[in-house]
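In Swiss-Prot this protein carries:
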- 32-60: domain 'LRRNT' (DOMAIN)
- 215: N-linked glycosylation site (CARBOHYD)
- 266: N-linked glycosylation site (CARBOHYD)
- 331: N-linked glycosylation site (CARBOHYD)
- 400: N-linked glycosylation site (CARBOHYD)
- 61-82: repeat 'LRR 1' (REPEAT)
- 85-106: repeat 'LRR 2' (REPEAT)
- 109-130: repeat 'LRR 3' (REPEAT)
- 133-154: repeat 'LRR 4' (REPEAT)
- 157-178: repeat 'LRR 5' (REPEAT)
- 181-202: repeat 'LRR 6' (REPEAT)
- 205-226: repeat 'LRR 7' (REPEAT)
- 229-250: repeat 'LRR 8' (REPEAT)
- 253-274: repeat 'LRR 9' (REPEAT)
- 277-298: repeat 'LRR 10' (REPEAT)
- 301-322: repeat 'LRR 11' (REPEAT)
- 326-347: repeat 'LRR 12' (REPEAT)
- 527-547: transmembrane segment (TRANSMEM)
């Protein structure tokens, strides 16, 4: 455009434009520290560089700052200046010993602050000043032993606070004053012995509280009373031992209660009073022995109940009566149950899953009622006999009456019954009964001498019925018989049958045939169950393989569109402000023990063009 005569003005214009462009790019080009691995202006990665202090001259447009894995002992108020757009600051695993008050005062748009896995021993008031928009604060795996009152005063927007695995022993009055937006509080794996009655003041919006693995000896019911919105409470791994009356008063919205491995031996009558909306209760790994009608009488909406790995030996018939319409899952495995009356389970009309394995079941007549109830129920429950030894390992559903009642009749015990003043027999009747035993009984094969005795309950044996029929006809003519031992040279085994006297040869042959048929049917049933199990496993394997193939195809299809999954995207969205939010409580039963860190969601709000452009980002590990 410029000729030779205008070369000097053109040169001046060129220099002016160049200087202007350099000024515009100054913050992007010259603002990044040369020691950092990645500096895009939006994201700065200074991970694992052994830095002893925070570098200077970061661009003001920085959104992510990664300082993980360094050797930064102290953070003062002059090190994090000018970062007005910073959203996430990672200072974890950096050997931090102390953070000075007002160290984050200029980070007014900070949403996520990671100070976990350091050596911070104390938190002084003013340390979080200026963090009015902070949502998530991570302080786990430090050495904090005490939190002074008011230290969290400035965190009015924090919804998630993680203080697990510190050295806290006492939560004093007003520890969390000012945290009116807090929804999740994790205090697990500390040494907390006592919680002040006003320790949770201002936490009316708290939804999830994790106090597992501390040293609480009783439920701090007075401290819980202010937590009107609490939905999930974990007290597992505390030496509580007993649930005192009204331990959970005020927690009307509580739905999930974890009391695993808390040495609980007793639940008082009103122990669960006030939590009528409870849905999930976990009492695994405790020392409960007896369950009665008062234990769970107030939990009318309970859906999920785990009682495995206790020492339960008895359950009253009406223990689960009030939760019959709601309870769907019940776990009674790994206890000391030997019998269970069907009336215990009959009220549970909504039950879909029952576990009772690994109990020392005694397969006798007491379990026949349970077997019959299970046969008519839609619930699948595998109970295997532990006693008697002859039935060990056999499934309850294969046990029938012939296996349950088989006994020998001993004459010596019959004489003990005869000795009773209420029972008298004619000598003639006794001899007739003895003649019937020796003539119509089982073949006499053994020539050894032994004592033959009868059951105590004479009416249940044919010989006893014979005595009664002949002895009580004319009680005035009866003669008392002295109890003496009768020595016989044969052993007599009398099998009890329902509608017959002592078996004759024909009855004996019929009984043997019936027993053989029963055993064959049992073997066929067992074989069928084994084949059915293999078939189900094969179907599951086929479905799993199909699922994996479909998943693999989806991955291949996704890889065609993008070679690499990225968590952050740049320069694809118009100027806007994006609000970062996180889901509060995961309600999956599998996540009850510890709070999972939820995936972050972003909601876009359009702003005028003259405001600073903020990138859209996703972060799956916050």
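Just so you know, glycine gets a Cβ as well, placed from its N, Cα and C.
Feature annotations (Swiss-Prot) mapped to structure.
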| residue | record | DSSP class |
| --- | --- | --- |
| 215 | N-linked glycosylation site | coil |
| 266 | N-linked glycosylation site | strand |
| 331 | N-linked glycosylation site | strand |
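The local packing around residue 215 (N-linked glycosylation site), expressed as other Cβ atoms within 10 Å of its Cβ over all shown chains, amounts to 13. Across the range of the repeat 'LRR 11' (301-322), the DSSP-based residue counts are 2 helix, 5 strand, 15 coil. Same-chain neighbours of the repeat 'LRR 11' (301-322): 260, 276-293, 295, 328-338, 340-341, 343-345, 347-348, 355, 589, counting only residues six or more beyond its ends whose CB sits under 8 Å from a CB of the stretch. Over all protein chains present, the Cβ of residue 331 (N-linked glycosylation site) has 20 other Cβ atoms lying within 10 Å.
Sorting the repeat 'LRR 10' (277-298) by DSSP state (H, G, I as helix; E, B as strand; all else coil) yields 0 helix, 5 strand, 17 coil. Counting same-chain residues at least six beyond the ends of the repeat 'LRR 4' (133-154), those with a Cβ under 8 angstroms from any Cβ of the stretch are 92, 108-125, 127, 160-179, 186, 580-582, 622. The C-beta environment of residue 266 (N-linked glycosylation site), restricted to residues of the same chain at least 6 apart in sequence and closer than 8 Å, consists of 241, 242, 243, 288. Taking the C-alpha positions, the distance from residue 331 (N-linked glycosylation site) to residue 215 (N-linked glycosylation site) comes to 27 Å. For the repeat 'LRR 1' (61-82), the residues of the chain that approach it from at least six positions outside its boundaries are 27-28, 41-54, 88-107, 114, 568, 612, 614-615, 617, judged by C-beta separation under 8 angstroms. Residue counts for the repeat 'LRR 4' (133-154) under DSSP (helix as H, G, I; strand as E, B; rest coil) come to 0 helix, 3 strand, 19 coil. Panel annotation: around the repeat 'LRR 10' (277-298), residues 236, 252-271, 304-316, 318-323, 331, 336, 589, 592 of the same chain, lying at least six beyond its termini, place a Cβ under 8 Å from a Cβ of the stretch. Per-class residue totals from DSSP over the repeat 'LRR 12' (326-347), listed helix then strand then coil: 4 helix, 3 strand, 15 coil.
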